[in-house]
Amino acid sequence: MEISKEQVDFKRKRWIAAASIALFGLLLFFTLFSNTLQSVALPKVRTGTATSGGLAYTLEGSGVLRPIKQAELPNPAGWQVRQVLVKEGEAVKAGQRLVLYDSSSAERELEDEIAQLDKMYIALEAAQDQYIASTVGGDELGSREAKRELAARQIDLSVQRRKIEGLRERLKRQRELTAPFDGIVVEMNAVEGLASAGQPDAVISSRDFGYQLDLVADGELVDRLELAAGQPIELRIAAAGKQPERSLKGIIDEMTDEDSRRAGSPEGDGGETSSAVRQKRLRIHVADSSLRGGEQVSVRLKRPSSEKGWIVPNEAVHREGESKFIFTVDQQRGALGNVFVARKVPIEASASNGRETMIPPDRLYAGDLIILESSEPLQDGNRVRLQ
Amino acid sequence: MAVRKGLLTAGLGMIGLLLLLPIAITFTHSLMTEQELTIDYGPIGQRTEATETGADTFVNLKWLPDKVTLEQYGKLLVYTPNYLLMFWNSAGLVVPIIVGQTAVAALAAYAFAKLKFRGRDSLFLAYLLAMLMPFQVTLVPNYIMADKLGLLHRPGAVILPGVFAAFGVFMLRQFMLHIPYAYIEAAKMDGAGHLRIFLTIILPMVKSGMAALVVLLFVDYWNMVEQPLIFLDDPFKQPLSVFLSRLTGEWGTVFAASMLYMSPMLLLFLYAETYFIQGVQWSGIKG
C-alpha cells in the first residue's frame, strides 16, 4: 500500500516534470522563432530614400516649322505648262516669272475676235453709205432708218473692242505665273507639257515674316516654367541630310488656352481616375534666314523649381480621395529586436512633374526610407518586411 | 451528526467550486474565437447605442465555446512576442528571488531557532515587524536605497528586497522550532560544527517546509505588479504580471495569456503538492 502510493506519487511527478519541460520548451521555441514565423507573413516592401532639392520641370515638345506668310499659286486658267522657270528652293523676287503656260488657244480666240472687229468696220462703212444714199435721195423714212442702223453698228463695235481688250489682258495675265512677293519656292508642282491637276502649281513662302511653331503643353507646367509671351526660347533643329543638329532662337509670340485634356493619373490606387488638365498653346516665332519651312524642330525646357523639398518618385505617392500620402518605414523597438513599421505621412502641399513629386521639407528626415512598392496594401502602423 | 457533516461537505464543496470558477472560465474562454468573445462581451462597461436605449446590458456568460480553437494561443505565441519576452523577464526575477530568499531564510531561521545569543528574541521581533509592514510602507525607503546603490531601473532593485524579505525567515523558523534540540546535541557530541548540523540534519528535516516556502514565494512574486512597475521603467524589462494588465485590446489573447501565465504556478504546485500541504500544516501558516 505504502509502496504503491509512493510509486503513484513518483509517476505523477514525472508526468508534471515532462509537462513543465514541454511548456518551457514551447515558450523557448516561440521566443526564439516567433519573429521569424511572423515575418514570413508580413507584407514585403521595396524602399528608397528621398533626395533633397528642387523639382525639375521639363517641357518637351516638337513640331514642324511653318512659314508665317505663304502663298499657294494655282494654275490661273488650267492651261498646259509650257516652261518652268524656277526650281524648288530657289529664291525669287516679287514679280519674277515662275511658270509660262501654253496660251495658243487664247491667242487664236483673240485673233478671231480681231477679225470679227474688222468685219464690223466693213459693215459700218456699208451702213454709212446707205445713210448717205437715203439722205441724198430725199427719202425721209429711209434716212431715219439708216441713221438708227449706223448707231447700232457703232455700239457693237465698241463692245467688240472692249472684248478684245479683255481677252488681251487675260492672255497677258494667264500666260505666266509670277511671284507675289520676295520669298522662296517651297513647292513646284508644275510639270512641262502637262496641265496641273488639283494642286497649286507653286508654293512660295516669304522670308521676311519668319516661321512659327505651334506647341500644346499642360497649363500647369507652363505656369511653373514661368513662360510668357515675348520670352526667348531655344529650339533644336533635327539633323537632316548633310545639315547637323543645331539650335535656333525663337520667341514666344502668343499663348492661348486650348481645350482641356482628360488624363488618367498613373499613381492613383485602384481604378483609373481621370481629371481635366488645362492646356495651353504656345506659338513660337522664329526668324532665321537659313530656314525654308517644314523643318522638324524640338523644344526642351528644363527649370528647377524655386522652392526646395524632398523628391520622391511618383510611384511612392498614394491617393485617397483628395488627399495624398506616402508611407515611410519607422524602426521601432520591439520585444525581440527592432521591427519595421509603415508610417503614413500626408503630403497635401506637394508639387509634381511626370515622374517625381516634391513634398515639404518638414515631412521627412534625412535618410528616411520611403516605401515605393508593397506586396500588399498597407495601412498606417502595419509591420513590414524590408526587401 | 451525519446530516451536519453532509451539510458541511456540501457547503465547502460549493465554496470550492466557486473558487475554481474563474480558472474554469479563463480556460474555456481561451478556447473561444475572438468573434465569439466580442459578441458575448462586446458591451461590457461601454455605453453603446443598444445600452442607451435601455437594452440588455448584461453580458452573455457562456461556459463552453461554440467552436473550440487554439487560435488565441497561436496568436499569442507568434504575434505577441512581447508576451514571451515578459515571461522570461518574470522568470528572471522570480527564480533569483526564490533561490536567494530560501537560502538566506534557511540560514537566518536556523540562527533564530537553534542558536542562543543575546538579543535573539528582540531581533526576531524586529524582523517580524518588518514582515508585518505592508509593502507600500517600505516602498519609499526601498526606492531611495535602490537609487543609492545604483540599482534603480535594473532587475536588482526588485530582486534584492525580495531576497532579504522576512517572510521566509519567519516560516522556516516555525518549522525548525519543531525539531527537538536533542538532534543537534547528539550531532555536537559527535563533533559536528554548525554548518554540518545545518546541512545534514536540519535541512533534510525542513524539506517540506522549504517546498511550501518555494510555492508560496513563487505565487507571491510571480504575481507582483507594484515593485516592477516602480523600479523598472523600461516596459521591455517588466515582468508578465505587469504586461498582462495592459493586454486590453483582444479578449481572446487575454484569456490565453492568463492560462499560459497560470501554468508554471500550477505545475509547481502540483509537483510540490504533498510537501506543500505538509509544510503548511506543520508551520501553522496559511498561505
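Residue 1 is the first one shown; counting continues down the chain.
Every residue, even glycine, has its Cβ placed from backbone N, Cα and C.
Straight from TrEMBL, the features:
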TRANSMEM  B:7-27  transmembrane segment
TRANSMEM  B:86-112  transmembrane segment
DOMAIN    B:87-272  domain 'ABC transmembrane type-1'
TRANSMEM  B:124-144  transmembrane segment
TRANSMEM  B:156-176  transmembrane segment
TRANSMEM  B:197-219  transmembrane segment
TRANSMEM  B:251-272  transmembrane segment
(request) Test the contact criterion for the transmembrane segment (B:197-219) and the transmembrane segment (B:7-27): 3 or more CB pairs under 8 Å, pairs 6 or more apart in sequence, then answer yes or no. (result) no
(message) Should anything in the same chain at least six residues away from the transmembrane segment (B:251-272) have a Cβ under 8 Å from its Cβ atoms, list it; otherwise answer none.
(response) 23, 26-27, 29-30, 32-34, 37-38, 41, 71-73, 75-76, 80, 83, 87, 91, 211-212, 214-215, 218-219, 222, 240-241, 244
(request) Take the transmembrane segment (B:124-144) and find every residue of the same chain, 6 or more past its ends, with a Cβ under 8 Å from one of its Cβ atoms. (result) 112, 152, 157, 161, 165-167, 169-170, 173, 226-227, 230-231
